[in-house]
Structures are given as C-alpha cells and as structure tokens.
Amino acid sequence: MLKLFSAFRKNKIWDFNGGIHPPEMKTQSNGTPLRQVPLAQRFVIPLKQHIGAEGELCVSVGDKVLRGQPLTRGRGKMLPVHAPTSGTVTAIAPHSTSHPSALAELSVIIDADGEDCWIPRDGWADYRSRSREELIERIHQFGVAGLGGAGFPTGVKLQGGGDKIETLIINAAECEPYITADDRLMQDCAAQVVEGIRILAHILQPREILIGIEDNKPQAISMLRAVLADSHDISLRVIPTKYPSGGAKQLTYILTGKQVPHGGRSSDIGVLMQNVGTAYAVKRAVIDGEPITERVVTLTGEAIARPGNVWARLGTPVRHLLNDAGFCPSADQMVIMGGPLMGFTLPWLDVPVVKITNCLLAPSANELGEPQEEQSCIRCSACADACPADLLPQQLYWFSKGQQHDKATTHNIADCIECGACAWVCPSNIPLVQYFRQEKAEIAAIRQEEKRAAEAKARFEARQARLEREKAARLERHKSAAVQPAAKDKDAIAAALARVKEKQAQATQPIVIKAGERPDNSAIIAAREARKAQARAKQAELQQTNDAATVADPRKTAVEAAIARAKARKLEQQQANAEPEQQVDPRKAAVEAAIARAKARKLEQQQANAEPEEQIDPRKAAVEAAIARAKARKLEQQQQANAEPEEQVDPRKAAVEAAIARAKARKLEQQQANAEPEEQIDPRKAAVEAAIARAKARKLEQQQANAEPEEQIDPRKAAVAAAIARVQAKKAAQQKVVNED
C-alpha cells in the first residue's frame, strides 16, 4: 500500500486555471512519415534567427560554401548560422523575413549547386569524456536554439542554469491545433530524441528528468515508452489535453506544482525546460557533428493537397515548400506561420524558413470561418476565465487602447504568453492578442529609450566628475608650484632679494657734508653717460638696419626734392595770403630749420654710404639740366613781374639754402664721377635734345607771360632753385666735354 501511495505521489500532476479546448485538427498531418523536400534553387538565410544580436559575418559575396559551413561567428550570446547546402554566396543584403510585418533583415543569399556537399564532420560519440564547458561551447557554435518557438540560444540557457537545476523538463505537449512536428519527430526519431535528452542531463546533472506529453499522441507515447523501457532515470508523464498546457510556466506547474515567480525564470525554482526538437538538434550537433541546417515543419490546411511533416532546410522559401505539397490557393488565400492561435499571417510567400518555423497553415475559405467584425467589449469576463496566466485581459485591453502604459505594467501585461485563449472565447471578436503585442512593444521601446537616456546621463556625469578631478588636480599642481618654486626661480628670487638689501644698505648710509668741498657726482655722471652711449649705439644699429634695407636712388632723391620744394612753395603762399595777425614765432622757425638741416645731413650720409645700384645716364642728365635752366628762367621772369616789394629776402636763410643746394650739387657730381659710363653720348643727339629743351622752355615762357599771375612766387625759393639749376647746367656741360674727349 505504501508503494502505491509513493507511486501516486511520484506521478501526480497538477492543473492550472483557465485554458480552452479548441478543435485539434492534428489528424490532417500526423499520419504520414517525415519526408525530404527537393532542394530549392535559392536560399535566404537571415543572420538573426534567435533572441539576441546577430553574429558577425565571416563570408563575402562570391564565396563557395558547403553545407554546415558557418556564415557568422558566434561570440557571447550571438548565435551563428550555417549554410543549409553547398553553393555560392550571391548577395548579402536586407531581405524580408518571417515576421508579422515582414521586416527586412540582413541575410545571406546562396545559389545552390545541387551537390549538397557537407563540411568535414567530427562527431563526439564519447561525449561523456568531454567537459561540461566543451559540450556547451559545441552546442552554441553549432547554432542550436530553442525550436519550440522562443528561439533562445540553448548554449546560453544551459550555461545560465549552472549547478542549481534539480529538474529537467522535456516539453513534448505540442498543444496548439494543427501542429504535429514534435509528434511526428517522436514517432520517427524517438531514440535520437532520448539520446539528446541524455546529453542535456549529462551537462546539467539534475535530480530528475521529466517528459511531459499530452494524451492525444498515442503513437508517440508508445515509441517513447519502448525506448525508455530499460531506463529508470527518465520519467514519461502523460497529461490531459488542454490548451495551452505546452506553455513553459503552465507545463512546469502541471509536472512539479511549482509556479515561476513574477518577472523571474524557471531556473529560479530549480527547473530548466527544453523542447523535443531542441533535444534532437543537440544529439546531431554533439554525436553526429552536424550544425542545425534543417528542422521539421508541418504543412497542413485544406488548401494543401498533400499535408504532412517535412524536413525543411533553413532558408528555403515558403512558396517552395507549399508548391511541393500541392498548394492550391484561392482568391483570398491566407498562409499562417505557426498555429491558428499563436501564429501570424504572412504578407507574401517569399519569406524563408527559420529556426522557429514549426508549421505552415494554409486553410480554405470555410475552414476558419468568415472573419467577424470587431465589436465593443461587453465586460462578460469570459477572457479572464480563460486566461491561463490569471490576468485581467479586459482591463489590459482598455489600458492598451488608451496608451496607459503604467497601468498596463502594473497589471502584469509582461506575464501574458500571447496564447490567444482570451481572443478565442471573446464574444465581441476583439483581437486581444494584437493589442497586447503592440502594447508590450511600445513599453519595450519606452524602456529602451529610458535605458539609453540613463546611460547618456551616466556618461555625462562621469565626464563631469572626470573634468572636476582634472581641474582639482591642476589647481593642486599650481598651488604646489607656487609654494615650492623651482631651483632657477629660487636663484632669481635670492638675487633680487640681495639687490634690494644692497640698495637698502646704501640708502641707510649717512650723507656727510663737508664745508668748502663739492659733492662727488662722478658715479651718477658715469651712469648717465653710459645710458646715453647705449641709446646712441641702439640708434646707430637701427640706422644701419634701415640703410641696409633702403638703398638711395638718385632719381628718386631728385623727385623727392622737387616734391618737397613744391610743398614748401604752397606753404609759403598760404602763409603770405594769411591774415597779418598770425605772427611767426622765431624760436619755432629756428627749431624747424635745425630739424631740416639734420634731415639733410642724414640723407647725404645715406646717399654717400649707399652703393650705387644704377648708373646715371648722361643723356638724361643733359636733358634734365636743360629743363632745369628753362624752369629757372621762367621763375626769374615770374619773380620780376609778380614779386611784391614789401617781401624782403632774409640774407641768412638765402645763404643757408644756397649752401644746401651746393652740397646737393657736389653729391650729384660725385655720383656721376663714380658712375662708369656705359654708353657714349652722340654729340648730334645731345645738340638735338638741347634744342628741343630750349624750344619747350621758350614755349613755357610765352604761356606764362600771357597767363594772368594767379600765384605769388617766393623770391627766396626762386633764388635757391636758380642756383640749383645753374649748378646742374654747369655739371652737364662739364660731363659733355668729358664725353667728347
């Protein structure tokens, strides 16, 4: 009797709240064995077929690949994908994938060569001699993921379980209508499934292993019992048929009576669950050395002539599978990927088969009934009664429709498994699952944005803290430098202090006054003379620099002198026409005359020291002399006609100006004497030029005689100009005689 009670407690099962019993419709496809599908010509392999980030590409366009060759690298939680057959990579581009919105994801497109050649396979038949880490790494690198629908990387799941797993559950319930992929796999490959379960048990080392299967699969139950006849470590549990008993939380509660905590995982209560198809893929990866390149897919529905279960290569277009099964589409034909309750309608049929594709349902127009129009909620609570997660779907519906994300989160919308039981029983035909999916996606987007904002804030605060630390360190360095000067700074400070002390000592010496003696100012006089000498030396150096930069040009000097004379004449005329009350200060005039003499001496020195860069042309000099004589005669006539008797010429100024003119004439003669005559003057040309100059002078005199005297000529300047003209004429005549000789 005690053994009976122990056996009863050992095989006890629990029941969850809610659930429904829809028509199963499994007999359409579970009566025929698994079969192979001819290879498609073109395969589209999305890089992301699992939960997590996509892997890193390791192939490029034009590469030849073999079946089982990795297309991406799996690092961390990134799961690699493998080539489903041998062929050539023709493109790596975004392509629509198996998603309700057919979103485009980066995919590798391969053209098959028809040979279907494998890569070299290295199986581990003695897997028990391998370490736990080696087995997990092999499972991960061979691309094994959860094939029950979630697509979570199996290697990551096993690694996270660690040594705290007490119960390993194999999910063989397959509760959704129409789907028979796991049922047929257990009927045809029961031994391989059990071998995969043993590999998982070797990795996790659990206390018990449970296989949960619904009682509507008698053939699969018989095959498993036959394989497990001599095994006592694996227990087969047959449970009543009820939707959704295949859910992870629901099956865990049915077999163990434990509930997964809100927001937690099954590993928190010592339970880890794997699918039947996943166990089979683990066996092929470890023992056979074959990455996951195909899976069992159910082809069913009244629009398919030959329904059944097939081995479908990953990346095969859906259209290719349906056409092989005798697909007869109607005018408004729909194709559902997954079951009728949790699946989604495909926008078109060019999407590929992926790791989580377990069923392709092509119903006829009458099979699922006419679509009903959505109506208002009547608050009947039928959805709450059917919910297996003990939620309030009607409240979640209102919160989702009203964009009340906080209230939806408070009412545990994250615990919804999207089984569709609430929508199945709703008398108002409200697609509750669609509302819940959209609401969860919006909440996830909001949380992701908040996470990015928090990370950005953390980065900003870290940067501010770093800048503050750098600023504090910089200030500390400055303070240290101010408190502790460098060695050379110490020497300079000491020298300055010594000078100050010396001056103070000198200042404190008493001044002794002796009668009859003069004070000794020799030191002060010597210092003053030294400063003057230093100033003169600096001025001389500056003068030499200016002389080197500027070389005197005789022609430019003559032009500048003429401009100066013109400006002087204009100034004198203005002074002569000015009102008599403006008197000239003799002292200022004397100062200006002295400044002018100094400038003249400086200019003469520059011209004397400058190297003559250009030679004076004698012909030009002769012409200039003739022009000067003409101008002199013109000035004399103007002076005689227009000079006012009241203006008297100062003899001293005239003498000074005459001396300046003589000095300029001597300087010009020296330049001409030092200049090497490059060209000989033709006497005939010189005579012609002189005649032309005299003609121009006479013409100018006539014009001046006829013109009304508008301007008053300064007699002193006229005298100076006449003297200069006579000197230039005499010099030109001498030069002409020298050239003729």
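For all residues, glycine too, the Cβ spot is worked out from N, Cα and C.
Taken straight from Swiss-Prot:
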BINDING   C377, C380, C383, C426  [4Fe-4S] cluster 1 binding site
BINDING   C387, C416, C419, C422  [4Fe-4S] cluster 2 binding site
DOMAIN    369-397  domain '4Fe-4S ferredoxin-type 1'
DOMAIN    407-436  domain '4Fe-4S ferredoxin-type 2'
REGION    627-654  region 'Disordered'
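Cβ neighbour count for C419 ([4Fe-4S] cluster 2 binding site) (all protein chains, 10 Å cutoff from its Cβ): 26. Closest by Cα distance to C387 ([4Fe-4S] cluster 2 binding site), from the binding-site residues C377, C380, C426, is C426. Distances between the Cα of C383 ([4Fe-4S] cluster 1 binding site) and those of the binding-site residues C416, C419, C422 are shortest for C422.
For C380 ([4Fe-4S] cluster 1 binding site), the nearest of the binding-site residues C416, C419, C422 in terms of C-alpha separation is C422. Taking CA atoms as the reference points, C422 ([4Fe-4S] cluster 2 binding site) and C377 ([4Fe-4S] cluster 1 binding site) are 12 Å apart. Looking only at other Cβ atoms within 10 Å, the busiest spot among the binding-site residues C387, C416, C422, C426 turns out to be C422.
For C377 ([4Fe-4S] cluster 1 binding site) paired with C416 ([4Fe-4S] cluster 2 binding site), the C-alpha to C-alpha distance reads 19 Å. Note: the Cα of C416 ([4Fe-4S] cluster 2 binding site) and the Cα of C426 ([4Fe-4S] cluster 1 binding site) are spaced 16 Å from each other.
C426 ([4Fe-4S] cluster 1 binding site) sits 13 Å from C419 ([4Fe-4S] cluster 2 binding site), taking the C-alpha atoms as the reference points. Of the listed binding-site residues, namely C377, C380, C383, the sparsest Cβ surroundings within 10 Å are found at C380.
Helix, strand and coil counts from DSSP across the domain '4Fe-4S ferredoxin-type 1' (369-397) read 10 helix, 0 strand, 19 coil.
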